[in-house]
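Following: one structure in structure tokens, then a few remarks.
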């Protein structure tokens, strides 16, 4: 049941164009009381409306907690999404949460956008 709940959460939800902040979030399934927790998945969320990385984390974690999931922010960065050129570049870091593991974020983005050129770098802010 818990795994089914996690499966319904999209791995990636990012805006379609522009440069914006993103966070990598680990979502934990709400375990049954007699079973140990342990099932989790990492998700990528990035939006232009967010002034701070915490704005994204607070909104997403609040929505998921209402469904019984625990969340932790693994870090953040920026995404440059050029849909016309079919390119996404992941880079930078979050002042509050630190640098996300961009290689993990990039793999998840590649799975959602298989016909895009998806790259990452640790440099930049």
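Keep in mind that glycine also has a Cβ here, set from the backbone N, Cα and C atoms.
Listed in Swiss-Prot:
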type     : residues       : note
MOD_RES  : 2              : N-acetylalanine
BINDING  : 21, 94, 95, 96 : substrate binding site
ACT_SITE : 53             : active site, proton acceptor
Additional residues surrounding substrate, by Cβ distance to the 21, 94, 95, 96 centre under 8 Å: 52, 53, 54, 76, 93, 97
Residue 53 (active site, proton acceptor) versus residue 95 (substrate binding site) - Cα distance in angstrom: 8
Listed in sequence order, residues with CB under 8 A of residue 94 (substrate binding site) and six or more positions away: 21, 23, 53, 75, 76, 77, 100
Recorded positions listed as 21, 53, least Cβ neighbours within 10 Å: 21
95, 96 as binding-site residues, winner by CB count within 10 A: 96
